[in-house]
Each structure stands twice: as structure tokens, then as C-alpha cells.
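To start, the structure under review is shown below, and the notes come after it.
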Amino acid sequence: MLKHACITYKCVLKANFRHSVRFILLHHFSIILHEIRKNKMCGIWAIFGSPDDTSIQCNAAHKITHRGPDAFRIETIHHFPTCCLGFHRLAIVDDLQGMQPMRVFRYPHVWLIYNGEIYNHQQLQKEFDFHYATKCDGEAIIHLYAQGGIEFAAKHLDGVFSFCLLDTANRKVFLGRDTYGVRPMFRLYNDNGFLAVCSEAKGLIGLSQEAYSEHVEPFLPGHVETYKLDMLGKASFEERIRFHKIGETPAYKTVAEIQDKNEVKENIRILFEAAVEKRLMAERRIGCLLSGGLDSSLVASILAKKAKEMKLSYRIQTFAIGMENSPDLLAARKVANFLETEHHEVVFTPEEGIAALEEVIYHLESYDVTTIRASVGMFLLSKYIKEKTDTTVILSGEGSDEIAQGYIYFHNAPSGADADIESKRLCEDLYMFDVLRGDRSTSAWGLEIRVPFLDHKFSSYYLSLSDSIKQPQKGIEKYLLRSAFDGIDLLPKDILWRPKEAFSDGVSSKTRSWFEILQEFICEQINDSDLESLALTYKHNTPRTKEALYYRQIFEKFYPGQGDWIPYYWMPKWTGATDPSARTLKHYKQ
């Protein structure tokens, strides 16, 4: 189709823009623009106040090509010779409306690059009488900024995003990231006025000798930052504002509003169904990761329900991965049969999982043990989806364990108040662990992940509930969430009440855990003396096991000296566990 459109364009030139051919051109351009809006997965990259040749530094932007392999654009800005904006897009695009950096005629001094989905862009248009020039949801950011400034803009966005907005009239740069950090962003800034931004840290490593000695940091979720640019384009930090805290009710209005605050279970259903529905904003095929556990099964069931209501032209595809006869494969198969989805199973061997480790760590930009274990299966499954299907937008169940106290160790919480504090702490750090895993494992293969459990409206309501009803009850974690969907035939009862199984454990065979396979392999790579001598070279998060040391060495090969991107190793609380696997916990064994 696109090739045909290009041929038509050449014909138009030869025909000197005759009226009839102009009509064909516009028709085909409308088709192209229709294609543009299919997917919002992308990668952003920008530098300001560059001390070196920007044309050379721009090569670093290609390190995130996987986030948007179909189109790339990089622009310097008039009167800002030391600044550059780059963008990778996962779509066939038009250079006027669909491509970024985005500009609109109404505000020509504003340049925007962003990665994300703004689910309420149409509601914002009606509420503020915005006159959009495109049909791209991100245009709302520009209009909101013009309406009330950058904090006002960020507060009114219902969605997930990371953005860099340049206001050339006021010589300001604004950075922002969504509340949970679902969309990634890293920042490099030094006292010499050099500011660099990228969706992934790898695009900032080695920009220049000066920049390389500076520290690359993850941009804090829920914040916006402001930088002033001098006449040379050098940046100076002005302020950082937290526009939204986890658990706070969002400032924007939504379609699904709670009518009766006392009907807790009904409210949970209303808000969660709305969270799934708004994430169907796509014209590319939508599918769902399905482990057969509570979280992904709930997402898949509501997705299948909404797909039928919307009369989508295709069956929802569900995707499961595991070793032969793993618990996840068996449970996911049962859910898929119940929901009548087009189900795909990927069986991987220990050898395939081990072979993927180095590539997984490169994409993750992390050395956390449990994150790596859980990412291997997700990474291999994403590879399958990319290569074997036409599904591009993937819904997943990340965030439920943090919001709804789903980890097994919550059974050991001293009190409801302690459990609530731990739940919110986990939510604050999600961007360094499960959210990071979901984004990198899928974006490595040009897929876009969407996570309904981290919807602002749903999560703020759930977190606001009393401590006592959120805790595990009757020996079952996420009891409230399960009971909210009980009795409505949404899922098989044994799936709805299936005990917690960590993702890295669920993919294991019944007889041999994935973490045990990894440890046996790594024991052959690292001996006891290596652990004693080499581990001490890492002062921050010093590895205590051979597995941790093995991952750290791979990480340092790609990202030397950047170990504090994660502040600690993820571990269960209120236990004497020495390994993060749920299979080592007493409650699991019982």
C-alpha cells in the first residue's frame, strides 16, 4: 500500500498536479496518516548544549532503533546549533503530522518528542476547546502546556508518557514522565550546561569524553523538570516538581466515575474494566500476555469481553511461555480455551534461556537477579510475537502485585498498616523492576506493552481502601481483587483463585525450577575464589551469590560504573529468605 502511495506521488509530480491526480494524492496521504495512528511505541533522544559535533553525537541515537525501527528523524533547531532532537517510530509515517519532533502551526515555537499514549486526548479537546492540527494523541501535551504551563499539562494527562518539550520562544526545555514510569526516560546533565535525554540509558553512554564521565540517571516518575537555555544552547537546571503522587486521585476527569463509594467490589470492577477498555486505543492488532495467573487472566478476560462488544475484526491472540508442562502453560491453556482466544504457546529449553541472558541484560540495563530471571521468558515470548504474528500492542498484568499486595510475603506483614506502607513503596520503585522488565523485554522486539493495573484512576482508588481489606485473607493473597470478580463467570473459578506464582517460577517445569537451572549453569562459570575476590570490586550492591556476580559482570561490560541505576536487589520482606524466588518461601511450599 505504501509503495503504491509513493508511486502515486511520483505520478502526481509528472502530471503537474492536475486536479484528478491531486485527489488521488490526498487520498493516499490519508491512508498513510491512518497508518501513522496505529502505534505509539517509540524512542526519544535529545541533546542540548553539546560540547562536541552534534552530527557525530547523533550516532548514539541509533542505539535505541529497536524501540521504533520503521522510521527515524533527527532535527537541529534554528538558532540552537548545539541542540538536537531525535525520534524513532514504530510505524510508516508522514513527515508533517505523524512524525516527531511534533510542531503545530498554532504554537510554532514548541517542539515535542514523546513516547507514550494519552488516553484522554479527546476528552481534553472537548473540555478545553482545543483545536488539534493532527489526530495524534500526544498533541494534547502541546495544547495543555500552552494553556497552563508544564505542571498543568502533566497533571491533566491520563496515560503513560515520557516527553521532552522545547519552547524556543522562552528558551526552556521541559522533561516529564508518567506517575509509575511505565514509559522510560534517562537523563544526563552536568555543570557545563550539557543536557541529554533518551528513552534508554544506552543512548547516552559514550556521547563524548566529557559526557561519558558524567552520570546517567533514570528520570524520576511523576515529575517534571525545567531547564533554561542560554544563547549558546547550554542548559541550566531551574526546578523539579512532582505533579502527581502514587495513590493521589488524578486531576483529570474520566468517563468511569464511581457513583457509590460503599460498593467497593463493584467499583473495583468498573474502574478496572475502564482501565482495560481505554487501552484498546489502537488500530494495530492487540493481544495479551497470558501466564494463567490471576493478573494476566483478568486482563485477558476483560480484553476478550471488550473485543466482542466492540466487534473487532479479529480474534484476540493470547501468548504463553514456559518449559515443557510448566504450570503457566497449563493454566494459560485453560484460560484461553475458556475465553476462546487464538492462543499461542512457546516452549523454551534451558539452553535457549541461558543463551539469551547477555542480550536480555543489555536490553534491561539492570543486573537485578529476579528481574533478569523473569525477563528471559518475556524476552523470548516477545521475539516469537514479533516474528510469528501481526500483533503489536500487548496488554499485560504488571502492577497488580504491588497495588493489591499480591506477593506471597505479604502473608507475613506485621499489620495492615505495614502492608500498606510496603505496597506503596513497591509502587514507587516499580520503574526499576517489573515495569522496567515489561518495557525492555517487549520494546527490544518493537512491541508496545500496556498495563491496565497501573491505571491512575484504578490504582488510586484501590490504594485508598482501608488497610484491613487489602491484606491477604483466609491464606489467599489479593483476596479482595479476586472476590470482586467472583461469581460473574469471567474466569474459571480455579484460575481466579489460583495461588500466586512468580513469573520466573511459573515458566519452570514442575520438577526443576528455572532459578535452579540458572544457578547450576553459573556455578560452572564462576568459582568460589572469584566470588570472594571479584564481588568486592562492586561497592554498591555487592554481589553475595555467584548468580548475582555473573549478572553484574555482564552489566558492567555494557554499562561500566552505572551500578546505582538500581538502589537494591529486589527481595521479599518479613522473611529469612536468601533468594527472591517464591518457591523458596515457606508459604509457597505449604
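For all residues, glycine too, the Cβ spot is worked out from N, Cα and C.
Per TrEMBL, these features apply:
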type: DOMAIN; residues: 42-230; note: domain 'Glutamine amidotransferase type-2'
type: ACT_SITE; residues: Cys42; note: active site, for GATase activity
type: BINDING; residues: Asp137; note: L-glutamine binding site
type: BINDING; residues: Leu289, Ile321, Ser396, Gly397; note: ATP binding site
type: SITE; residues: Glu398; note: site 'Important for beta-aspartyl-AMP intermediate formation'
Candidate with the highest Cβ count within 10 Å, taken from the recorded positions Asp137, Glu398 = Glu398
Ser396 (ATP binding site): tally of other CB atoms within 10 A of its CB = 26
Ask   = What is the separation, in Å, between the Cα atoms of Ser396 (ATP binding site) and Asp137 (L-glutamine binding site)?
value = 22
Key: List of residues, in chain order, with Cβ under 8 A from that of Gly397 (ATP binding site) and at least 6 apart   = Leu289, Ser291, Gly293, Leu294, Asp295, Ser296, Ser297, Leu298, Val299, Val451, Phe453
Ask   = Near Leu289 (ATP binding site), how many other Cβ atoms are within 10 Å of its Cβ?
value = 28
Remark   = One should report the C-alpha separation between Ile321 (ATP binding site) and Glu398 (site 'Important for beta-aspartyl-AMP intermediate formation'), rounded to whole angstrom, as 16
Request  = Could you measure the widest C-alpha to C-alpha distance across Leu289, Ile321, Ser396, Gly397, the residues recorded as binding ATP, and give it to a whole number of angstrom?
outcome  = 15
Task = Starting from the Cβ of Ile321 (ATP binding site), draw a 10 Å sphere and report how many other Cβ atoms land inside it.
result = 27
Inquiry  = Around the C-beta of the residue listed as 'active site, for GATase activity', how many further C-beta atoms are within 10 angstroms, looking at every protein chain?
reply    = 26
